[in-house]
Amino acid sequence: MGDYVTPGEEPQEPGIYRSEQMCLAQLYLQSDASYQCVAELGELGLVQFRDLNPDVSSFQRKYVNEVRRCDEMERKLRFLEREIKKDQIPMLDTGENPDAPLPREMIDLEATFEKLENELREVNKNEETLKKNFSELTELKHILRKTQTFFEEHEDMIASSAENSGIGDVLSADEEELSARFSDAMSPLKLQLRFVAGVIQRERLPAFERLLWRACRGNVFLRTSEIDDVLNDTVTGDPVNKCVFIIFFQGDQLKTKVKKICEGFRATLYPCPDTPQERREMSIGVMTRIEDLKTVLGQTQDHRHRVLVAASKNVRMWLTKVRKIKSIYHTLNFFNIDVTQKCLIAEVWCPIAELDRIKMALKRGTDESGSQVPSILNRMETHEAPPTYNKTNKFTKGFQNIVDAYGIATYREINPSPYTMISFPFLFAVMFGDMGHGVIMFLAALFFILKEKQLEAARIKDEIFQTFFGGRYVIFLMGVFSIYTGFMYNDIFSKSVNAFGSSWTNSIRHEYIDDVLEKGEKASEAQWMLVPELAYDGNPYPIGVDPVWNLAEGNKLSFLNSMKMKMSVLFGIAQMTFGVLLSYKNFTYFKSDLDVKYMFIPQMIFLSSIFIYLCIQILAKWLFFGSAPGSVLGYTYPGTNCAPSLLIGLINMFMMKSRNAGFVDEEGNIVPQCWLSTWYPGQATIEIVLVILALVQVPIMLFAKPWLLYQREKKQTRYSTLGGSGGGASTSQSVRADIAQDDAEVVHAPEQTPKPAGHGHGHGDGPLEMGDVMVYQAIHTIEFVLGCVSHTASYLRLWALSLAHAQLSDVLWTMVFRNAFVLDGYAGAVATYILFFIFGSLSVFILVLMEGLSAFLHALRLHWVEFQSKFYGGLGYEFAPFSFERILAEEREAEENL
């Protein structure tokens, strides 16, 4: 490909065939107007800014403080959003796109967010404290209740044991005195026993018991009781199951050990009075405090809910505003600043066709800011390759993504996307051709298209769904073309439709048929054949495949394989030839005469001499060699057994073997192996000339262009040596704004012309390196020559996958659904419903989804490798404009993926 064509020299062509014409421009913005101008450009979304401060770190740029302030506001809004989602409050998202706020509005936004965050954090802190107190009081309530129950059970046990011991019978005289003494003896206070009470998580209790027993050597008495209510953890808020425990011990040392063990197991100890009266009074006080806490906690939660509901109405709009402000200041950091600090200078890539809209956006931004100095847009001359910008809509976007997945187009080279819109679904359908399966795919895509607004609003996150939904128009066309190819194959769920009447008639005598049918079971094994000379009426089926072939058992596959194999070769060579013709459009557009003369013309000659000649042979065989004998191209044609074998004939063409001329000798007898004979006058000579012509093109493609490049470089070097420094080099002019005073002054200053970018051919990148040029040319020549052979064979996948799809469909019909028609009565009706469900499920999941995905991948490979390699470089980089719409969409997608 030749040197880069400057924008002024580019011929006008519709944008759909090539990327949009781009230009590099300088923007001169007054400091006060820069914010509003960038905001207007962000709403427009047609300008890509270049970073003019690549060596300056992010922390040393002019607007780093503003970006940090935006980050802080965004953090506060995300905090609000999390709290709103935690309370399951729906956030109002009207899809409104507010304008970017003015810089002075940032202070109001910051104050609003600061107030909301502080209020919410204070409410959360108070709520957390109240919940903690409530949880502790609830645990204390259960401790008082359980310990009271324990002591009451203990006193009852003492009384019952005293009655059972017979003390009252023996010492009946002193009954009251002894009873009092016994009670005092069993009291823990009189025995100098102490106790602690608390709560512990249920799962920690077994280990807690074992450690208490071992550490205290069995000198403690532990009683536990489960709390029936589920309590909430005071820190995490998660529900936990806890137990109340009471530990009796004697002495200060055991008390210290017990408390340390409780701390180790994170058990919470609570004060528990010794007397029942004190415990009852304390329990009443705890219940009163719990009721008060419930009231306060409810009021706190209501207040928090009201704050969050009010914030939920604006949080999405606030996020949009903050992200716009942040993106504006981030973009302003790409600008250069004039020494007077009054002017900002930027460099942008923009489409030439949109320059008027960009200028209007700059004017609106200047007017809104109240600046008296107009913003200036100045186009620059450059040899740097611009970004590639292909306009798309919701229909073309899917096909453009298929092309871009291979590589972004080099600037202004042919865009394969318009051709892919037809060729991709068509080649897919050649492999997938079935009217029934095509209708299923068509209806699924049609549902996505008709419900696209509702499905987009639903924001379904499933990746597989998004893949199908994003490619709905691709799937729609694949379904339409599959219906068409299924109609041409006369194939609907492996069955055929006799729409126009078959061209074949029954040539077998009815007496013979009746005789065979009377023989019973052996008749089913008999194979009958319709002889073309007798059964074929000579008029082909009007369109598509004759339905009679669906009844053939012996040679159905032979016929369909032969037809589809030749059809695949025709489609493949046609698409490859079209790709080579598109390369001619690229060469002429980039004014590369060497590529036209020594790449395109030799490639077309090579392709025509072998492969297009093969296609002509296939068409001639279909047209001239029928079932009836006759004269074909001056030779006597005996019948179908002498139809030429094209594959062996192609091999003989390369080996230059001598062959018989015609199908019969001078005496009228059929020659041996008549299918290998030449079938038109002068065929052997013409084929030798074509082979030699094709072989001659290889050294031309390999050496001609490098040699001429070398001669051109040599001539240019000699002229530059003779010219020396005497020739004055013209300097291009650029515009810069020098605002030294109040008035703006435009100063013209010389600008160094950028060095032209090379295109891999060794020219335009400095001195010519013949070694690199020869290696590059050898790679492309070998790739084309061998690729013509391998790519033609690769297109046979059209035949192979079509065969596989048809056979799988036939197997499903024969092995599954046809069995329902064998049964009669109610069993047949039930079997029909069940087997139809199985047949339909397998058809959708195996033939439509799995086979469809396989055909999609093969069609993708045919376009990337076989088609696009003939003309498509794919060495460009994508146009990434500064667009609020794109930035907000990316932020929303990132949020949804978290």
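From the backbone N, Cα and C atoms, a Cβ is placed for every residue, glycine too.
Here the structure is a predicted model, which means the values were calculated and not measured.
Straight from TrEMBL, the features:
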type     : residues : note
COILED   : 63-140   : coiled coil
TRANSMEM : 426-450  : transmembrane segment
TRANSMEM : 471-489  : transmembrane segment
TRANSMEM : 567-584  : transmembrane segment
TRANSMEM : 605-625  : transmembrane segment
TRANSMEM : 688-710  : transmembrane segment
TRANSMEM : 826-850  : transmembrane segment
Using a Cβ distance cut-off of under 8 Å, indicate which of 426-450, 471-489, 567-584, 605-625, 826-850 has the most pairs with the transmembrane segment (688-710).
605-625
Under 8 Å Cβ-Cβ from the transmembrane segment (605-625), and at least six residues away from its ends along the same chain, one finds 566, 569-570, 573-574, 576-577, 580, 632-633, 637, 640, 643-644, 646, 649-650, 679, 687, 690-691, 693-694, 697-698, 701, 784-785, 788, 792
Long-range Cβ contacts under 8 Å made by the transmembrane segment (471-489), restricted to residues 6 or more beyond its ends, are 394-395, 398-399, 402, 421, 424-426, 428-430, 432-446, 448-449, 452, 543-545, 802, 806, 852, 856
State the non-local partners of the transmembrane segment (826-850) in its own chain: residues 6+ outside its ends, Cβ under 8 Å from one of its Cβ atoms.
434, 436-437, 440-441, 493, 805, 808-809, 812-813, 816-817, 819-820
Please give the average pLDDT for the coiled coil (63-140) in this predicted model.
89
